[in-house]
């Protein structure tokens, strides 16, 4: 908070206690004006918050702001509602002591909004659970309901609270809101039947007419036009542009549901609201004897239905008065004036009691239901008092008298508690307390409330005494009883000069906030607040559940006279004082900057009026009677330690000793400060301001040094950053080069290892161990061939390939035989020719033994087709140096010596079928052999080379004839198709369907 002192010339001080000229009202108001101009609407007087209504939205109530004030020391942040709310909440949590926040001010000063903001703060920042959320919602939603029924538009405020409200919020051991309770004070019932020009009745009437559904209004017998109802047109402003009654109706209806109203209760409640409007439209006319008669029967019918009473009984009760004299009931007719009084009295009673019922209903929904240990008080309470401020109008009546009496009591409590808290702080810190001189308004409170001699006692006596008691006789009695009181004055008691400002039916009280003149007209009627007995009886017989609860039958049998309105108010106020005295108080004083409700307009005359009526100067004087400023040693030392070389930059000893060294260095005089047990107390603001100015100079000096240091630091930091970046890049690049070199070495090692291993396995069949070596030999041979091509086309010499490249020679022979002649030759080109397609372990050992010394050159699995039925049978074809052998498992089925092999036939299509032609004269041969191999190009090439029959391979188109046995011939037909198919045709031929390929 001290940080704002450097800008005090522009925005003023955040705490009025720091005002140098604290006795000057002009200085006080100027400080308010400076802050208001900068949209700083909150200022402290010690721990009291002064709030000025800005009449515009300010971005200071966001969740972010709530978090800023949550759990923060009171003086660490700028003044705010949230600071008061959080400080009270933390005291409640840490000390387990009940708290209360007293919010006061004139109508339109922002009291109701302040209460809402505080409740919203607790709703957001307090611990939550499903049950707690329900309570939070109900606490927040109680506001729209009570505002609808208890607030109205006045000349000063569009949403003026016309009742006092004290709300207790209960918190459990975790600090979560778990319940609440509301007390209401002095509802302005007279507003129901009368409003001053430019004012309205209670909001609920207009909301119902504007927002109510057509069906609802039809059931209630109402029209949407408020001009139709006498109780709504007295102020001549039924509709106001700044109030959206339709929208407010929706909010109120939703709030009723949240609080727990069911549809039936809502219907009953709205029936009562409608009945008040119908009561206002009941008209009377005088008969020949001058007695009143009801002329609006239609209204009586509506009232009978809405209030659930007998219509004829209600009509009679409105025009007759029933009294009990000497045990007998006497009924007397009423004249027009009395009938109108009875009607208005009933309307006020019905509305007033319904409002009290509504508050009780809200309290039931907020009640804390303790499930565990119901006898143990596990909750603490924080109270919020939103009550009318001091009121001075051109015409002041009974209501203003009660309101101002209430403010006198609150001012008395406020001063007492302020002095008490000051004295307790001084004593706890071990500092001598000096008695403070202040205006004790107890003398005014006694004038109003003292037994037998106070104004309320005299008023009650006039109301109760037999005979013709009037407002005038009440004034005369006052003049007789309290004529010598210094704070009381009437026309009769005043001097000649003062009489000009006092009417003969007025009296003047000198309140703590100034003089107020009251008119006694209506005092007795408003204090009596009587409702004729027969009207009470009618209401007691109502079948409307709410009315039935509001009018208790015991009232009819109770012979004790009910308390007057003033006595009820005095007693409830006394209980309120007891409640507040039992709690730790915090204060919010609300002010309005102008009467026109305009933003950025500061009316100095109006502000001065409120400063006086709120007793702010008196409060400041009490707070400044001793020491203007006090802070804990730790906080003071932390802020100002840079002003002393011994405490800067750190102090290792006790904070007390550090502050003692600091103030000695600063040259504080003994009369300027005191050292308490935990705080330093500074008497004069100028001492603090001088310290703050020295701090600002020190900051500037340190800032200059810091800038120079920072420039050097920044440049060095920049150099180190660049150096670090260069080293990082270098290390990264070295790492990259190293990884590349290591990868290259690893590749070289692996290559050499593979090459050596391949050389070892060079004479083995192609396998993973030698494939790299063999590929390399192939590549080298081909590259050498490329570099040593023949000099001319006549040179037919061919370099001898290495043993591992015999396959390449076979590829050349295959090309000569099949290229351009057989469709599936191109598919064989990229495939390597290998030494064998069958390993020795796949050939039966008996077969290998039968071959004896014959070297096996090539082996491949084949399918053999029988010569007669063309049945397919799995066989193996083995090629040796001298013969081709067809093997079935362990048996050699046929051996064909190459000398007996006359030729090999194959089709030009993509099939894999071929025929080995043999000499039939050889008795050992059964005929030609029809075989199928998946590696037909490779198999035939190797067979042709081994048998030296390269030129004896016939590639046929259409069909192949073969010898099926002695003198028998077979035919194989070849045709193209979509997929391979080999089957015997009806003509006895073997038909082979070869799939078509994209290219030959």
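Note that Cβ sites are derived from N, Cα and C of the backbone, with glycine treated the same way.
Over the domain 'Myosin motor' (12-696), the average per-residue pLDDT in this prediction is 89. The domain 'Myosin motor' annotation in TrEMBL covers 12-696.
What TrEMBL lists as ATP binding site is 105, 106, 107, 108, 109, 110, 111, 112.
Residues or ranges marked as region 'Actin-binding' by TrEMBL: 573-595.
The domain 'TH1' annotation in TrEMBL covers 822-996.
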Q: Starting from the ATP site formed by 105, 106, 107, 108, 109, 110, 111, 112, give every other residue of that chain whose CB sits within 8 Å of the mean position of their CB atoms, in sequence order.
A: 53, 157, 160, 389, 590, 592
Q: Show which residues of the chain containing residue 105 (ATP binding site), separated from it by at least 6 in sequence, have their CB under 8 Å from its CB.
A: 51, 111, 389, 589, 590, 591, 592, 610, 614
Q. Here the binding-site residues are 107, 112; which one has the lowest number of other Cβ atoms no more than 10 Å from its Cβ?
A. 107
Q: Around the Cβ of residue 106 (ATP binding site), how many other Cβ atoms lie within 10 Å? Please give the count over every shown protein chain.
A: 25
Q: Specify the count of other C-beta atoms within 10 Å of the C-beta of residue 108 (ATP binding site).
A: 23
Q: Could you put numbers on the helix, strand and coil content of the region 'Actin-binding' (573-595), residue by residue per DSSP?
A: 9 helix, 8 strand, 6 coil
